[in-house]
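S.K.: Sharing a structure with you now.
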Amino acid sequence: MVTREETRQAREAKLDELHERLTGAVEQLVSGDDWGRALAFAARFRARSFSNTLLIWAQHAAAYEAGRVPEPVPSYVAGYRQWQTLGRQVEKGQSGFMILAPVTGRFATATPSDPESWRRLGKGEKPRPGEVVRSKMITAKPAYVWDASQTAGEPIPEPPAPKLLEGEAPVGLWDGLAKLVEERGFAVLRVPHEGMIHGANGVTDYTAKTVAVRENMDPAAQVKTLAHELGHVLLHGPDQEDARQHRGIGEVEAESVALMIGAAHRMDTTGYTIPYVSTWAARVDGKEPVEIVKATGERVRKTALTILDQLDTAQVGDGTPPGLDRETPHRNQPSHERSAPERAASGRQVQPLPETGPRAAASAAVMQGRDL
Ligand SMILES: [Zn+2]
C-alpha cells in the first residue's frame with residue numbers, strides 16, 4: 001500500500017530530477033554554436049543614445065505603416081557599410097532612418113582643471129609634452145541606418161526560438177488550472193489573438209486581476225500558457241519583491257513551473273520551455289544563465305507541487321494504475337518516435353527532457369526540431 005506521503009515524496013523527487021534536467025538543457029543550449037553565433041552577432045551592434053533610439057523607432061513605425069518593413073519594431077539596425085561588413089546589402093528602394101551621429105574632437109591641455117585652457121587638436125596633431133588629451137562631442141551630423149529587414153544576404157544568426165506546442169491538452173487540465181487561477185481572485189479570459197495582448201501568448205495583469213490566454217494556438221499550447229500564467233499568479237504578485245527584481249527571473253520561474261505541470265501530465269513542453277527559459281535567464285545581468293535557473297529551483301518545485309496537489313487530473317506517478325492513464329492524450333510524441341534514452345527512461349513515467357549528455361543534441365536546432 002502506497003501512502004499519500006510516499007506518493008508525495010516520489011513526486012518531489014521527480015520534480016527535482018526534472019529541474020536538474022532543465023538546468024542541464026539550458027546549459028547545453030547556451031553553450032551551443034547557435035547561441036554563441038547569435039550573441040556574437042548581437043555584440044556587433046553598439047548601444048545607441050536614447051534620442052537616436054527614439055528616432056529609429058519612430059521612423060521604423062512609419063515605414064511599417066507604409067508597408068516597407070514587415071515588423072512594427074526594429075530588430076538590428078546598422079549603417080550601410082556596416083551591413084556590408086556583415087555580408088548583407090541594403091535592398092534597392094529602401095530609404096534609411098536618419099539618426100544624429102556625434103562628431104567628436106580631441107582637446108588638449110596642461111592644466112585640466114582650467115576650463116579655459118583646453119585647445120582643440122588638429123587632425124593628426126600630437127599633444128605637447130605634459131598635456132592631457134580628451135575627446136568631446138562638438139556637434140552632431142545626420143547619418144543613416146537600416147533595419148535588418150531592409151537588407152538581404154547572409155542569414156542573421158538568431159537565438160533559437162521557443163516552438164509552440166501542438167496537439168490536444170491533457171484531459172481536465174485547463175479547467176483545473178483555471179479554477180486555481182480563479183481561487184486567487186483572477187478572472188481567466190480567452191482572447192482571439194495575440195494582437196490583443198501585446199503579441200504574447202498569455203498575460204497576467206495584477207492590477208486588473210486577469211489572466212488572458214490567446215485562443216489561436218493548439219489546446220496544448222493554450223494550457224501550457226495557462227500553467228505559466230498560474231506560476232506568475234502564485235509567485236509574482238506586487239507584494240513579491242524578490243521575484244520582481246528582474247523580469248527575467250520571473251519568466252524563468254513561471255515557465256519552469258509550466259514545464260513541471262506539463263511533465264506530470266505527459267505533456268512535453270521542452271521545445272518551448274528550454275529556449276524560453278534560456279533566453280530570459282540570459283537577460284539577467286551579472287550571473288550565468290545556468291546559475292539563474294539553478295537558483296530558482298526550490299521556489300519552482302514548491303509552486304509546482306502546490307499546483308499538482310490541488311489538481312484532480314490524472315497525473316503520472318499519482319497512484320493511477322498503469323494503463324488507466326493511457327487515455328491522457330500524448331500525441332505529442334508517439335512512442336515509436338521516441339529516442340532510445342527516452343524509451344529507457346519511460347519506466348520512470350515522467351516524460352523526460354532531452355538528454356543532457358554529450359550524445360544528446362547540444363544544438364538548439366535539434367531541440368527546436370523535436371516534433372512537439
Ligand atoms: Zn510570463
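Glycine is no exception: its Cβ is also placed from the backbone N, Cα and C atoms.
A TrEMBL annotation is a machine prediction, not a hand-curated record.
I grabbed these lines from TrEMBL:
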type: COMPBIAS; residues: 116-130; note: compositional bias 'Basic and acidic residues'
type: COMPBIAS; residues: 324-341; note: compositional bias 'Basic and acidic residues'
type: DOMAIN; residues: 36-107; note: domain 'N-terminal'
type: DOMAIN; residues: 205-270; note: domain 'IrrE N-terminal-like'
type: REGION; residues: 110-130; note: region 'Disordered'
type: REGION; residues: 311-372; note: region 'Disordered'
S.K.: Going by DSSP, how much of the region 'Disordered' (110-130) is helix, how much is strand and how much is coil, in residues?
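M.R.: Secondary-structure composition of the region 'Disordered' (110-130): 3 helix, 2 strand, 16 coil.
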S.K.: Taking the domain 'IrrE N-terminal-like' (205-270) alone, what is its mean pLDDT?
M.R.: 90
S.K.: Quick one: DSSP breakdown of the domain 'IrrE N-terminal-like' (205-270) into helix, strand and coil?
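M.R.: Helix/strand/coil tally for the domain 'IrrE N-terminal-like' (205-270): 40 helix, 6 strand, 20 coil.
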S.K.: Would you mind splitting the domain 'N-terminal' (36-107) into helix, strand and coil residue counts from DSSP?
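M.R.: Result for the domain 'N-terminal' (36-107), in helix, strand, coil order: 30 helix, 17 strand, 25 coil.
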